[in-house]
Structures are given as structure tokens and as C-alpha cells.
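Novice: Below is one structure. I have some questions about it.
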Amino acid sequence: MYLIADWRRTHYSEEVIPEMDGQEVILMGWVHSIRALGKLAFVILRDREGTIQAVVPKQKVDEETFEIAKKLGKEDIIAIRGKVVANEKAPKGFEVIPIEIRVLNKADAPLPLDPSEKVPAEIDTRLDKRFLDIRRPKIQAIFKIRSEMLRSIRKTFADEGFIEVNTPKLVASATEGGTELFPISYFEKEAFLGQSPQLYKQMMMAGGFDKVFEIAQIFRAEEHNTRRHLNEAVSIDTEMSFVNEKDAMAMLEKVVYNCYADIEYNRPQEIELLELNWEVPEKTFDKVTYTEAIDIAISKGVEIEWGEDLSRAAERAVGDEMGGLYFITEWPTQTRPFYTLPHEKDAKVCKAFDLMYKELEISSGAQRVHKYDLLVENISNMGMNPDSFETYLEAFKFGMPPHAGWGLGADRFAMVLTAQDNIRECVLFPRDRQRLTP
């Protein structure tokens, strides 16, 4: 066994090219596969960026190096110092001839999961051994695209003058008056894990921040057991002052469009590896009102009445009709939280919107109520006690500007971008009703 000592990686696998013929490199990673054929051994080393072939001919390396190569096992951690040799017959037009191989750590055998993807495994097995599962190139591709998604979103917000904030995740009461909260013991009191940063975002509008965003965990104690829901999720939230719901939708369009464009430019290998049918959307998305969506659903045989939230069957019907990215706007006020602003011409309809991808809701937003009296009235009308929202409501007494915002589900958006049909594929260590480990 060797320590890393004075060695440091000089290149990732994808950085080595045939034009480096004769150059010495140091590579580090996992043994993806090993073949020993008499006086010749082939070692495929895998790192974060891909794989690279090292050829170990007995007549060209010292005896110790050849013996080390023959005894390597799958997923051993190794470092190779060697020379690049151009070879048109090699998989990438070159190979690496080791000068020295250091075994940094051995992997036990047999492996509980095959990172080479030759042996398929069910998702529960893969999640149980997630540290091995994420060694698979296709799984890494999902999370590289997710990482680029988040980088792009932060850049767009920064370019548009937004301030990044962090809001509490330990709260005293429900954000939206719901019961789907995880209670925890907080010294002598009961507290809850935050289900949304909504109230804090609005309080910051009273503070004069104008434009804020947050990317953070939210927690919802909903007993869903579907491919679209998790109990711990990452939400991308924003709030803007002196705007209406149309401005908020335009900002959401910009964020989503830039994600597609940036991923196309910066992650072409991952797009190819996942065999994605990649298409950057138009800069503005189609829009359909809630009433029009209901009409579409009914025309396709779905039983639903105006004023009901869209059922799964209705979402599928509308998604089949609309396809791709589109907004559903002008929702019934009764279906939305108390802080949603009713339409001035018809209070039964509010200035809310959902961004959909086919049948999947990925974002929800609205123009908010900014008048104190109306907010108190809405809270009471929904059967809640305004006193429970005292610190929130106080922000509306002393100069709250008109404002709007939205929340975008990072995990669901990653599902869309990577064409996965299970949200758990897009979360490193998902938390659902059954899963609390690893």
C-alpha cells in the first residue's frame, strides 16, 4: 500500500489526448476493469471525467509494476505515473504506459453493486449503496447537469441584481397554515422544519431588498409515495418588489431558458451520455388560463369542476394538449394560499401561475397581497388565527411594496432536464416516507 506522498494528479482522463505523445502524466482514480493476458495487462482507470486505458507490457515495465497491475481488483484506488503513447488502434488514439503504479486503497470483493453498469440493479438497491451507484458515469452525468443547472440559476440571478439570502429552517408555525409539518423538540418549545421560505421572502421586501433569491431545503410531511414527491426537497425561491405576476413569470422564463442554454454549452458530453433529446426552448412559454385548462381536461373525458385543483388525470390531459413548458394562469382564489392577490376585476380569480412541463408542475408563483387589512381578512377566512402570524403581519403595517415571486422545485426541474421518470434519480440521498438512510 502507498500513500499519495508527493504525487498529485496532473490530468483527468478526458484531458489526455493523442497529441500529448511522449508526455508524462499522473492519473488517479478507480480500477474500472482489469485484464491480464500472459505478459500483457490492460487497466481501465476511471475518474470523475471518464475512463482511460493503461497498457502494462511486461517487457516495457519493471517487474514490480507488472506484478502490481496483475493483482489489481475492481474499484481499487490507484495512481499511475506513466507516458502517453499515441496508438491509432487504441480506443482513444493513445494509451498510457505506466512507469509506476501506486495502490492507494483496496476494494473488498465481491462488490455489493456493479458500478460498471453491466449488472443492473433496482433503484432501492442502488439507493442503499448510493456511494457505489454514483460512481456510474450516467448517474454522475445527472448530477453534473444538476450542478450546472444551479450554477446557471445563481448566475442569472446575480446578473439581474438579485441578493442571495438564507432564511430559517426552524420555524414556530406553518408557513401556509397546512398540517404537513415535521415537529421537533426545540428546548422547552415545539418547533417545526420549514416548509417554505415564503413569509421571510415577503418580509425582506418590506426591508427594501427589492429582489432576493434562496436555494435551500424545504420539508413537507406529506404521505405521498410517488415518483414525483419527496419529503425533503430543494427549492429555488425568489421574491421581487414593484412588479406583478407577469414580471415574475418573465423572470422565471429567463431562468429556465438560461439553464437549457448553459447546459447545452457546458455539458454536451453529459447530454450525449444520457442520450437526451436536447432542445433549448423559446424564450417565452405558452400560457393557458386555469379555465381553459379545465375545458381541455373536460374535452378529454376528465370529470372535474371549476374551482377544484387539477387532478392527476386533468394534469395529464392538459399536458398532452400543451406539451413542453407552459404556464397555467388565473387560478381560483380558493385554491391558493392566503397571501395570493385576488384579481381586481374578479376576486374569485387570483394572480397565480404554475409552470408546467407536460403533466409535471415544476414551479408555482403569484403576485402577493401587500395590504395589511386584506391579508388579515384572508387568513381569517381560511380558518386560521392572525395572531399566529403576528411577526409576519407586522411587516405589512409600515410600508410593504407590491411584490411577486415564485418557487421552482430544483429536484423536479432536474428530472425534466435529465429526462428521468423518478425524482429519486436526481437527488443524492433522497428522503421519502420510507427512506431515512443513508
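Glycine is treated like the rest: Cβ placed from N, Cα and C.
Remember, predicted model here, so these are calculated numbers, not experimental data.
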Novice: Tell me which of 198-201, 214-217, 366-369, 394-397 corresponds to the region 'Aspartate' entry in Swiss-Prot.
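Specialist: The listed stretch tagged region 'Aspartate' in Swiss-Prot is 198-201.
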Novice: To which of Glu272, Glu275, Glu361 does Swiss-Prot also attribute binding of ATP at the site defined by Arg220, Ala221, Glu222, Arg228, His229, Leu230, Gly409, Ala410, Asp411, Arg412?
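Specialist: Site partner of Arg220, Ala221, Glu222, Arg228, His229, Leu230, Gly409, Ala410, Asp411, Arg412 for ATP, according to Swiss-Prot: Glu361.
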Novice: Nearest by CA distance to Arg412 (ATP binding site): which of the recorded positions is it, out of Pro91, Arg220, Ser364, Arg368?
Specialist: Ser364
Novice: Using Cβ-Cβ distances, find the residues under 8 Å from Arg220 (L-aspartate binding site) that belong to the same chain and are at least 6 apart in sequence, listing them in sequence order.
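Specialist: Within the chain, Arg220 (L-aspartate binding site) has Cβ neighbours under 8 Å at Glu180, Leu181, Gln195, Asn231, Ala233.
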Novice: Under the DSSP assignment, what numbers of helix, strand and coil residues are found in the region 'Aspartate' (198-201)?
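Specialist: Helix, strand and coil residues of the region 'Aspartate' (198-201) number 4 helix, 0 strand, 0 coil.
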Novice: Have a look around Arg368 (L-aspartate binding site) and count the other CB atoms within 10 A of its CB, chains all included.
Specialist: 25
Novice: Take the C-alpha atoms of Glu222 (ATP binding site) and Arg368 (L-aspartate binding site) and report the distance between them in angstrom, rounded.
Specialist: 25
Novice: With Cβ-Cβ distance below 8 Å and at least 6 positions apart along the chain, what are the contacts of Ala410 (ATP binding site)? List them in sequence order.
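Specialist: Arg146, Met149, Leu150, Ile215, Ala233, Val234, Ser235, Ile236 - these are the non-local Cβ neighbours of Ala410 (ATP binding site), listed in sequence order.
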Novice: What is the number of other Cβ atoms found within 10 Å of the Cβ of Arg412 (ATP binding site)?
Specialist: 22
